[in-house]
Structure formats: C-alpha cells, structure tokens
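> First the structure, then my questions, so here it is.
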Amino acid sequence: MRGDGIRARKALGQNFLTDRSVLSRIAALVSAGAGERILEIGPGKGALTSYLAEQAGQLVAVELDDRLVPLLRGSFAGNPSVTIIEGDILDLDLRETLGRYGTPPWKVAANLPYNISTPVLFRLLDARDLFSRLVLMLQKEVGNRLAAGPGSKEYGVLSVLFQLHFDVTREILVRPGSFHPVPKVDSVVLLFVPLAQPRVDVGDEDYFRRVVKASFAMRRKTLWNCLKGGALGVPTDGIRDVLARCGIDEGRRGETLSLQEFASLTKGLLAAGGSL
C-alpha cells in the first residue's frame with residue numbers, strides 16, 4: 001500500500017488503516033456469510049476491502065478519491081462480486097444505489113473521517129431499514145458520544161437518536177500507529193445492530209429529533225432555558241406545564257435525561273400542541 005505512490009489527502013481526512021490485526025478483527029465483526037451483501041464506505045487503498053471480498057456474496061465500495069478508484073478497480077478486476085463506485089456517499093441515494101445490486105439487508109463497513117462522520121451517520125440512520133449491522137470506525141471522541149449514557153459528558157444528540165434504533169457497542173480501540181499517515185488521536189470501532197422496533201415510542205420521530213436537538217442546543221443551560229421561546233410550537237408557560245406533568249425538573253439539563261424521558265417529553269409537547 002505504501003509503495004503505490006499515492007499520498008493521503010489531508011483535505012479528505014485520509015488515514016489509511018494498515019494494521020492487519022485490526023483489519024481482520026473488523027472483518028470478523030462485519031461477519032458476512034456467502035450470499036450476503038456489504039456496503040463499504042471509503043475503501044481507500046482496499047486493505048479492508050480485500051478481507052471483506054473473501055466473505056461477501058456482493059460487495060459495493062464507494063470511494064470519493066479519483067486517484068484511488070483506478071487502483072481499487074485494478075485490484076479487484078478479477079472478482080465479479082466486487083463493485084467500485086466513484087462518488088461521494090453523501091450524494092448517493094442509498095436506497096436506489098444499493099437496489100441495483102441486490103435486496104436488503106446489507107451490512108456496512110466504514111472508516112469515517114472526522115469531517116464527514118456526522119452527516120454520514122445521519123444518512124445511515126435514515127436508511128436503517130436497509131441494514132442488518134453497521135461496523136464503523138470513528139474518531140474516539142465521536143464513538144464515545146454514540147455509545148454514551150445519560151449523565152456523561154459525551155452524552156448528546158447522537159447518543160439519543162442512535163440508541164433509539166440501535167444497540168451500540170464499542171468493540172475495538174485503534175491506536176494511531178495502526179494508520180498511515182499516523183493521526184494524532186485514537187479511533188474506535190463501533191458495532192451497531194438495528195432494533196426490530198424503536199426502543200421506546202416517541203410519538204412523532206421528526207418532532208422527537210427537534211426536541212432532542214433543542215435540549216442539547218445550549219449544554220450549560222437548563223431544559224427550561226433550552227426549550228422555552230416557542231420554537232417547538234408550545235408557548236413558554238406550556239413548556240413548564242409539560243415538564244411538570246412528565247415529572248422532569250425544569251432545572252435539569254438535557255444530558256441528564258434518559259431515552260424514555262425524552263420520549264415522554266416529546267409526547268407531552270405534542271399533546272400540548274407542539275408542531276414542526
């Protein structure tokens with residue numbers, strides 16, 4: 001991989017995973033059997049792709065870097081089960097694109113650069129019915145937020161929205177020396193297993209997202225200060241009444257609320273006339 005003359009592009013947040021032990025463990029987490037389908041986001045130079053291609057009945061890899069696409073296509077030219085797509089994962093209609101290559105469920109493997117991790121995560125969240133598992137490598141800071149529980153400093157919007165629909169577990173801590181070039185921070189591999197049903201009933205998911213995002217908009221402010229002002233379609237006095245009916249102290253902060261409490265708050269606000 002280092003002898004191909006292709007340097008990592010800082011603008012794309014590229015750090016190529018070279019540690020074979022970690023690559024093998026990630027492939028084992030993906031755990032695709034014969035006939036199963038894998039979407040790989042950002043295959044880079046194809047290190048993980050090689051492991052995944054040994055498992056999958058169909059592997060679709062989406063790569064943005066136009067320097068790497070010919071390298072990948074050349075490496076896997078003899079494997080009809082591997083398709084390399086040149087493009088930005090954020091520009092693709094996942095449902096339409098994957099539909100060309102087979103029916104769900106798909107498994108996902110990705111090494112997500114920090115600068116695009118959040119938008120890609122939301123794309124995967126919104127297309128969750130296509131997937132049976134996600135194995136994602138992220139900067140440790142982002143990974144910790146996704147797996148965090150109430151009361152921790154990492155707990156936030158990502159924690160709540162993903163844990164509504166997935167079991168999220170931290171699986172592999174990846175040190176900087178496992179990459180080339182060497183990054184300055186640790187990474188973590190997370191496993192996301194979709195739930196058959198949302199963990200709790202939230203009433204209206206679009207409105208639920210609004211409530212959660214508003215609750216974390218000013219982390220040092222109380223829920224009352226975050227939610228008042230009418231942006232959620234409920235007058236200021238109505239917000240106070242809803243919090244009281246839900247048994248949630250208005251002086252608490254968003255990071256202390258459990259998923260169930262966010263669901264109760266959302267349904268209470270909807271009942272009080274809340275709207276998008």
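Don't overthink the numbers, they just go from 1 along the chain as shown.
Note that Cβ sites are derived from N, Cα and C of the backbone, with glycine treated the same way.
Grabbed the feature section from Swiss-Prot, which reads as follows:
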BINDING   Asn15, Leu17, Gly42, Glu63, Asp88, Asn111  S-adenosyl-L-methionine binding site
> Least buried of the binding-site residues Glu63, Asp88, going by other Cβ atoms within 10 Å?
Asp88
> Provide the number of Cβ atoms within 10 Å of the Cβ of Asn15 (S-adenosyl-L-methionine binding site), excluding the reference atom itself.
24
